[in-house]
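A short worksheet on the structure shown next.
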Amino acid sequence: MYYKMPGKHVTEVARQAGKEWCALPQEERMKYIRLAEREKKRRRRSGRGRRRIRRRRRRIRRRRGRDSD
């Protein structure tokens with residue numbers, strides 16, 4: 001969607017995407033909802049997302065520790 005609307009702000013693109021989502025029939029929406037659920041399960045099993053968050057939190061904590069010294 002973003003590539004179809006070059007030069008537009010992200011908020012405008014998101015607004016348009018929301019309108020298109022609401023216009024979709026329920027069956028079509030369910031297809032994408034199921035796809036998202038499968039992806040969530042896959043990511044939980046792999047654990048990749050959690051590792052990235054933990055690493056980022058560690059970096060933030062380290063930076064805060066240095067700043068307070």
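Just so you know, glycine gets a Cβ as well, placed from its N, Cα and C.
Heads up, TrEMBL stuff is auto-annotated, nobody curated it.
Look at TrEMBL and you will find 1-51 tagged as DNA-binding region. Taken from TrEMBL, the feature domain 'HMG box' applies to 1-51. Feature annotation from TrEMBL assigns region 'Disordered' to 38-69. Look at TrEMBL and you will find 40-69 tagged as compositional bias 'Basic residues'.
Secondary structure of the DNA-binding region (1-51), assigned with DSSP and counted as helix (H, G, I), strand (E, B) and coil, comes to 42 helix, 0 strand, 9 coil.
In the predicted model, the domain 'HMG box' (1-51) shows an average pLDDT of 86.
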